[in-house]
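**Student:** Mind looking over this structure? Questions follow.
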Amino acid sequence: MSLVPKAGYPFIIYFLDNINKYISDKTIQTYLTAFQINVDNLKVINKQFIPEAYRIIKLFTTNTTIMFAIYNYIFHGISKIGFLEKFSEEQIKYITDLETTDTKLIACAGSGKTRSVIGRIKFMVEHGLADKDEIYAITFSKHAATDFHRRIRELFPDYENFCQLKNFSTIDSMAKSILCRVKHHRSENVEILSIALRNFLKEATDEEINSITKFKIIKHLFIDEAQDLNNIQFDIALMFKKHFGTTIHLCGDPNQNIYQFRRSSNSYLMEFPAKKFELTLNFRSTQEIIDFSECLKPIATTRSVSGTNKIGPKVTIMTKQAIQIHKLILYFLKQYEKKNDLSNIAIICPTRGTGVNANTGLAMIFNFLKSNHIKVNQLYCESSSDERKRLVDRIPGHINLLTYHGTKGLEFDTVFVMDFYHSLLNIEPTYEEHNINQYLLYVATSRAISKMFICTYINNYGGYLNHWITKVDPKYYLIDSQPKIHKLTFRNEEIFDSNGVTELLEKLSEEDLYSIYELIKVNTFYEKRIFPDHTDIDRGKDEALYGIFCEELFYLCYYLNKKLEPRRFELIEKIVKSKFIIVENDLECNILKKFINTNNLTWTQFDQNKNNFRKDVIKLVEKYFSRNVELNDSIICTNDFINIVEANKIDIRDTYNRYLQPDKYQYNYNNIIFDLFYLVVVQYAYDINHYIYIK
């Protein structure tokens with residue numbers, strides 16, 4: 001039995017003397033290759049052998065952790081890099097970096113970015129580059145943080161050896177954990193917490209900074225989805241670096257910056273001065289889908305290719321009338337479910353369609369699926385917070401319906417991308433909306449694994465292929481007809497008051513912010529002036545169902561308290577009296593609702609402004625409306641709405657009659673609250689085109 005050399009120089013000499021014995025070992029090869037040692041140059045004695053041997057000596061002497069790792073593997077059979085077999089060469093290069101400087105990982109869609117970050121943390125801890133208690137990772141939503149935890153557990157069952165799950169959280173959770181210790185702030189509001197932490201760190205004394213280090217040492221901070229950073233969050237990261245010497249690790253895809261409405265910017269990721277790594281292999285999609293989505297990238301990053309060499313059909317673009325597209329989708333679904341689970345399919349729609357109805361496009365698809373008895377897993381809600389509230393669990397036998405924003409981080413075998421660029425309400429985008437649309441399209445078209453269909457509605461009034469899709473090389477897709485290419489024009493930017501919530505919060509002093517915290521904790525309703533009145537801030541045209549219900553409940557309580565009859569529901573009364581204008585399709589319905597209902601248009605107003613209306617609007621009005629009935633005195637709807645309403649008309653009528661007789665429920669809102677909610681649902685279902693809710 002040969003003697004075991006001591007670790008250090010004796011081992012280095014031993015290793016080089018016995019290089020032929022160990023060079024064929026897979027684990028040894030993985031170690032050496034990860035640190036840019038050319039294993040082939042060590043297999044035979046030649047002129048490349050000596051330079052390569054010197055590189056090994058330098059590696060072992062400057063990175064003793066690596067030397068000890070190989071030593072323990074050879075003599076004790078302990079390997080700390082077996083997990084690298086799960087990763088690609090690009091990922092291994094990032095994971096095994098021996099420098100502990102600032103880094104940024106630029107990763108394409110489907111490249112395994114989060115897995116690589118987890119692998120990097122494991123390698124750093126197990127090779128002595130960092131302590132597990134000093135590594136933190138933050139993301140921007142509870143869903144993302146939960147998903148991070150899930151992936152750690154699935155990837156490495158021994159995760160407790162290299163990470164503290166409590167250190168991997170949302171940015172607001174981290175802010176709260178610091179502020180509640182040093183300032184006793186306990187707000188749940190993300191924006192307030194972020195601004196408060198940023199302000200605190202900017203003004204913190206040495207004593208306050210030292211008090212933080214007593215319970216939280218942040219040596220390494222990984223920021224996932226860093227393309228979604230805003231100025232406040234980036235300032236926090238820089239403050240950590242300034243006060244605690246924190247090493248910053250940004251990870252993200254600059255082409256997936258889809259939360260610009262939250263003031264996020266990919267410039268923080270792109271321009272951050274750090275050691276750069278790239279992941280260009282896409283392990284999700286076929287090369288055909290990758291080629292298509294690559295053409296939609298807003299930022300010219302390194303071109304990505306398939307990491308699996310999977311091939312499949314080209315992307316198919318369908319440009320037909322809505323009813324034809326719906327029939328094709330239905331046929332595909334019926335054929336698909338014969339051998340596969342529908343939960344592997346997603347239909348992706350723009351978050352806000354194009355126009356005043358928040359989810360016009362979603363509603364059209366939702367109603368179509370429901371009317372054809374297709375089970376739907378609705379991965380979105382009608383409020384503006386759909387990213388936070390969306391559910392991500394798939395339901396067997398249910399097709400997934402979600403927004404462009406809601407697709408982030410998800411993947412499906414087959415994807416239908418609904419392209420409503422101009423077809424729903426024919427409203428031109430602003431220049432900013434047009435550019436954001438490119439980011440959204442890239443995200444939506446990079447979700448598919450095997451098959452992808454782009455669906456564009458055409459009609460007599462519009463229906464053009466999305467401008468960005470026309471930039472895709474035709475060799476990357478099949479199309480059923482020559483697409484209509486519209487002339488690219490933009491509507492004027494809407495000018496808003498700068499008094500947005502975030503802007504207002506940023507202006508507040510530390511004392512005013514604390515006052516807000518105290519107000520939020522109060523459970524009773526009262527009024528207190530802590531800042532100049534800004535109640536004129538536009539809340540937007542969207543109202544969540546709960547918000548509408550609360551408003552109606554407020555009015556009901558007010559009238560009942562004064563022993564008055566409740567205020568009436570104009571829409572419900574029209575339903576009861578069957579005042580319907582039935583149009584052929586959702587497109588016509590949406591156009592007429594916008595120009596008549598939204599503006600409460602009368603025949604007199606129509607005649608006075610006729611020259612200012614679009615020709616397609618005039619044609620529709622003349623096609624469906626009679627001068628015997630006032631324009632704004634009817635419900636504009638499709639047969640889908642009629643079919644559902646007629647089946648429930650008696651219930652709606654009886655519910656409304658009960659509601660209008662407060663003496664019979666003793667002017668007590670508790671006795672009528674369920675009826676009130678049902679009436680609100682009917683009204684809401686019509687407003688958002690989700691008629692199925694009426695059931």
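The first residue you see is number 1, and the count goes up from there.
Using the three backbone atoms N, Cα and C, a Cβ is placed for every residue, glycine included.
Pasting the feature list from Swiss-Prot:
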DOMAIN    86-499  domain 'UvrD-like helicase ATP-binding'
BINDING   A107, C108, A109, G110, S111, G112, K113, T114  ATP binding site
**Student:** Could you name the residues, excluding A107, C108, A109, G110, S111, G112, K113, T114, of the same chain that surround the ATP site, i.e. Cβ within 8 Å of the Cβ centre of those residues, in sequence order?
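**Tutor:** So the additional residues around the site are S116, D253, L279, N282, F283.
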**Student:** Work out the three-state DSSP category of A107 (ATP binding site).
**Tutor:** strand
**Student:** Could you give the mean pLDDT over the domain 'UvrD-like helicase ATP-binding' (86-499), rounded to a whole number?
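**Tutor:** Taking every residue in the domain 'UvrD-like helicase ATP-binding' (86-499) and averaging pLDDT yields 85.
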**Student:** DSSP on K113 (ATP binding site), three-state: which is it?
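**Tutor:** Its secondary structure by DSSP: helix.
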**Student:** Counting every protein chain present, what is the number of Cβ atoms, excluding its own, within 10 Å of the Cβ of K113 (ATP binding site)?
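**Tutor:** The Cβ of K113 (ATP binding site) has 22 Cβ neighbours within 10 Å.
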**Student:** Radius 10 Å, atoms counted are CB only; among the binding-site residues A107, A109, which position scores highest?
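**Tutor:** The residue with the most neighbouring Cβ atoms within 10 Å is A107.
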**Student:** Could you check the binding-site residues G110, G112 and say which one's CB has the fewest neighbouring CB atoms inside 10 Å?
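**Tutor:** Lowest Cβ count within 10 Å among the binding-site residues (G110, G112) is G112.
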**Student:** Within its own chain, what residues at least 6 apart in sequence put their Cβ under 8 Å from the Cβ of C108 (ATP binding site), listed in sequence order?
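**Tutor:** Looking at Cβ-Cβ distances below 8 Å from C108 (ATP binding site), excluding near sequence neighbours, one finds D253, N255, L279, T280, L281, N282, T301, T302, S304.
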**Student:** Inside 10 Å of the Cβ of S111 (ATP binding site), count up the other Cβ atoms and send me the figure.
**Tutor:** 24
**Student:** Under 8 Å Cβ to Cβ from T114 (ATP binding site), same chain, six or more residues apart: give me those in sequence order, or none if nothing qualifies.
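**Tutor:** Long-range Cβ contacts: D147, F148, R151, D224, C251.
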